[in-house]
Amino acid sequence: MPAGGFSAPTAGGSQFEAKITPIVIISCIMAATGGLMFGYDVGVSGGVTSMDDFLRKFFPVVYRRTQEPGIDSNYCKYDNQGLQLFTSSLYLAGLTATFFASYKTRRLGRKLTMLIAGIFFIIGVVLNAAAKDLAMLIIGRILLGCGVGFANQAVPLFLSEIAPTRIRGGLNILFQLNVTIGILFANLVNYGTAKIKGGWGWRLSLGLAGIPAVLLTLGSLLVADTPNSLIERGHLEEGKSVLRKIRGTDKIEPEYLELVEASRVAKEVKHPFRNLLMRKNRPQLVIAMALQIFQQFTGINAIMFYAPVLFDTLGFGSDASLYSAVITGAVNVISTIVSIYSVDKVGRRLLLLEAGIQMFFSQFVIAIILGIKVKDHSNNLSNGYAILVVVMVCTFVSAFAWSWGPLGWLIPSETFPLETRSAGQSVTVCVNLLFTFVIAQAFLSMLCHFKYGIFFFFSGWVLIMSIFVLFLVPETKNVPIEEMTEKVWKQHWLWKRFIDDNVDAKTGITGNDTMKNEHTNGFDPASQL
């Protein structure tokens, strides 16, 4: 077997009979509005932090720096821990909420967890739009973060479980598509509200987050829970009824029986987080965590959080920087649509590897241009070079949007077995939000100290993650979720060592390892992998 890993055949696994029914499409669109909310929060923060009225009210030190040329390095105008905390507090709160969201998702189901997320979002939006001081602003962001934690836990699971196998990838990416639409919507809103006189434009920007918040809340009231979740919680007949509706056929018995069996196995696991650490679950856990870490170290959120601030730093001016952020937001949406179309045709691995080359090249070019043209106290970025920087940023964003953006969520949500799926998704969201927080809190300081070298830093990480994908990430397209172990992990050149039919349910030690230990009475390194 080549070192590049196992490629599942296009028709791998059992193909249960299923139509693409209107109820599936509508449910997925409604659920994916959680991504719209998340994306709006990502996009709006960078825009309002470049608005003079917002900075004057909450961050007067930063405002003075931006108004007095030469007072600080071009790269350090926005280096302020409080300003970074405004952005990053959302993700720290989301990280904490994820631990509670995992329990709620399993006990209450995907539907109610999405409803809780919507309520958190609405309260957070009200506090942000009405903020009188920095404390009120941060509390609002924390509540929004709780909504993000619950939504990011429930929505990807909901989408993966309700979608027919053959279009699971495309429907799951609806979440990421709505993230990108939310970012674009926020950039367009910021571009308009920045021109409002009277100092209340930023309030409108933050308040309009109420639209996706209300959509998510209403959507979670209207959709049915997934058959997987209903069966897992003992509602067998209701689960069967929902399965019949979403598949559009009466021939659901094979899929239903497989879900019941998966649920039976899941119920035998009393401690899903402890089970997640067992040897047989390490491949999924390692890949899920690595994808989340790598997703943040592409540098994408640094660019999307702070796109207006970044372009303003490069000398584009306030209006031009917001306009440039709108362009990158539009590229983000279009490229995610490309991913929806291609992910179930060309597969996950090819998209990730192609994007690695594209992202590495674009960041390298940006670093060289900035290194030559943008100094600490002078900016020689002519129109031609400025356009080239925007083009390279768009090249980077497009590559991310059809690869690491959606696939960072899709692959973990489809690879964990049912007994550890909720716990696995919790760890996935937790790691993602932890490193999102780290990047959000550190980026402006890193930009100040690394200067143009920040793009060399991220391009180095892109190279590392591409090598990881090449050797360790298997193909999962068109493989039913409950058959991942047989069709994917047991066929991979490395991960098959961790999977064995004779795994002890309590210890996670394989029967083969036990025999080795009995025969050798010594330490066997292979059994410790």
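Using N, Cα and C of the backbone, Cβ positions are placed for all residues, glycine too.
Remember, predicted model here, so these are calculated numbers, not experimental data.
Here TrEMBL flags 20-40, 82-100, 112-131, 137-159, 171-192, 204-224, 285-309, 321-343, 350-372, 384-405, 426-446, 452-473 as transmembrane segment. The domain 'Major facilitator superfamily (MFS) profile' annotation in TrEMBL covers 27-477. For 510-529, the entry in TrEMBL reads region 'Disordered'.
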What average pLDDT does the predicted model assign to the domain 'Major facilitator superfamily (MFS) profile' (27-477)?
86
Out of 112-131, 350-372, 426-446, which stretch touches the transmembrane segment (82-100) the most, going by CB pairs under 8 Å?
426-446
Any contact, the transmembrane segment (204-224) to the transmembrane segment (171-192), with at least 3 Cβ pairs under 8 A
yes
